[in-house]
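One structure is given here, and the rest of the page talks about it.
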Amino acid sequence: MNNDTICALATANGVGALGIIRVSGNDALSVVQKSFPGKKLEKQKSHTIHYGYFMDDEEAIDEVMVSIFLAPKSFTTENSVEIAFHGSPHIGKRILETLTKNGARMAKAGEFTLRAFINGRIDLSQAEAIADVIASENEASRKVAISQLKGGITNEISILRTDLLNFVSLIELELDFAEEDVEFADRSALKGLLDKIELKLDSLIESFQYGNAIKNGTAVAIIGKPNAGKSTLLNALLKEERAIVSNIAGTTRDTIEEILHIKGHAFRLIDTAGLRETQDEIEAIGVKKAREKVENANILVYLADAATEDYSEDIEMIRSLQRDDLKLIICATKIDEVLPPKYETVEDIFRSKIDHDFDFIRISAVENQNIQDLKNELSSYVEQLKSQENNVVITNQRHFEALQKSLNAAHKVKEAIAFQISTELLAYELRNALEHLGEISGEVTNDEVLGNIFSKFCIGK
Ligand SMILES: Nc1nc2c(c(=O)[nH]1)N(C=O)[C@@H](CNc1ccc(C(=O)N[C@@H](CCC(=O)O)C(=O)O)cc1)CN2
Ligand SMILES: Nc1nc2c(ncn2[C@@H]2O[C@H](COP(=O)(O)OP(=O)(O)OP(=O)(O)O)[C@@H](O)[C@H]2O)c(=O)[nH]1
């Protein structure tokens, strides 16, 4: 690790009452001292705050407060200084320029947190939790991020790792004494441990569904034939919400999403850009576009006009879209236009033709009938994921993948035991399981993974 002294704006880039610049590294105090002549910073105690003017040569840039954190008692564990200035972006820029002249360099994205990780203050899952805390937008996401920051996942996993490590040592001992044909590691005890580990990993892996709902929201696709009432329903759902329209990069195509909050959880109502095109085009795109829309959705809300007679196309569409992990809600729309017996028959038609669980709701978007029922139904999807929740919820794709790989290796160890495959293979898969668990806390890692994680941080974090 290099010992450069780094600096960056820690607050958001824009006008504020105050702005804060952080400086971290061996020379943090002397770098700031050059511009803060009033007080001998080296002589001050850690965690003290000092008043004065920040100078560029003879020129006073701003009246500031300087806070000192002496190694190892700082976020990065290095000497750190924070400069709180009047929140003008111009002043922030002048101070950073001066610090650079004084011998600091501008920090890269995530570099403060990277240092906190490399210097052992936090593990990798905690570093990721910091990014999640910053990104949290509601109580649900804040709570899981803080629990992860406090070491939630690492604690769960380190117990499993310790037990596994124990067996790895015994198995390696067997390999060392291969000639003698002894068994140090009790196979049935190992199998017992693996059962326990599989259970734990299974439940952590399962929690990712809820974690994902918290972190990214639940994706809802609204599909139906032209004129079924999709736009009208969307407007009815979003009535009291300020619709946030976002372009999500990285998906195969541009999708527009409108965010709907129900009981503290976010639902992303997915719209594919360009779906509302001319009539010809809608017919041409049909199933293909609908499939793209539903591909990554958790819930499909299918709208069928209660006033029509023939539902064969709707049924065909639903059949071609249905998947086991997709919650299906069929809505008979425009019920204000028909008499009750009619929508009873609509439900019967769908019930007899679709061999997939679904909820059926009759709505009128125009008269705002039963829109709340639909919201409740959406909400119950998340509530039901939550009820499977364990204490620790996985919200991170990287952790999810590491847990899956570890579970896979655990399965293979069990196979190796059951079929009495070589001790070498057993040791190999055990180490594999261990290594994948270690990836989560970063005990096992590589530069590419680190680069990937920290480059996504903002500058100054
Ligand atoms: N001003 C300021 N506020 C901040 C941060 C910061 O860097 N600066 N943080 C940055 O993310 C977060 C808090 N995280 C921190 C973690 C550890 C230490 C620290 O100095 N720990 C020492 C001393 C602890 C003590 O005095 O009890 C230590 O643990 O040794 C500081 C901030 C949020 N608020
Ligand atoms: N009576 C009644 N009319 C409705 C209702 N919902 C939608 N409509 C009408 O049905 C027509 C089509 O509604 P849209 O919301 O544009 O339907 P859509 O599915 O978005 O249509 P496309 O954009 O062509 O796919 C409009 O004239 C709406 O006013 C409803 O609940 N009751």
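Glycine residues also receive a Cβ, built from the backbone N, Cα and C atoms like all the rest.
For ARG22 ((6S)-5-formyl-5,6,7,8-tetrahydrofolate binding site), the same-chain residues that are 6 or more apart in sequence and have a Cβ closer than 8 Å to its Cβ are CYS7, ALA8, ALA10, SER80, VAL81, GLU82, ALA107, PHE112, GLY460. Taken from TrEMBL, the feature (6S)-5-formyl-5,6,7,8-tetrahydrofolate binding site applies to ARG22, GLU82, ARG121, LYS461.
According to TrEMBL, the feature K(+) binding site maps to ASN227, SER246, ILE248, THR251. In sequence order, ASP305 are the residues near ASN227 (K(+) binding site), counting only same-chain partners six or more apart with C-beta under 8 A.
DSSP assigns SER231 (Mg(2+) binding site) to a helix. According to TrEMBL, the GTP binding site annotation covers 227-232, 246-252, 271-274.
What TrEMBL records for SER231, THR252 is Mg(2+) binding site. Here the Cβ of SER231 (Mg(2+) binding site) has 13 other Cβ atoms within 10 Å, regardless of which shown protein chain they belong to.
Sequence annotations record features per position, and here TrEMBL assigns coiled coil to 364-391. Sequence-distant contacts of the coiled coil (364-391) (same chain, at least 6 residues past either end, Cβ-Cβ under 8 Å): 152, 156, 203-204, 206-207, 209-210, 213, 218, 220, 229, 232-233, 235-237, 260, 262-263, 265, 267, 298-299, 301, 327, 329, 331, 333-336.
Annotation comment: TrEMBL describes 217-383 as domain 'TrmE-type G'.
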Using a 6 Å cut-off on Cβ distance, which of the binding-site residues ARG121, ASN227, SER231, LYS461 come close to any atom of ligand 2? ASN227, SER231
Entry from the binding-site residues list ARG121, LYS230 having the most other CB atoms no farther than 10 A: LYS230
Can you tell me which of these binding-site residues sit near ligand 1, meaning the Cβ is under 6 Å from at least one of its atoms: ARG121, ASN227, SER231, LYS461? none
Under DSSP, is GLU82 ((6S)-5-formyl-5,6,7,8-tetrahydrofolate binding site) helix, strand or coil? strand
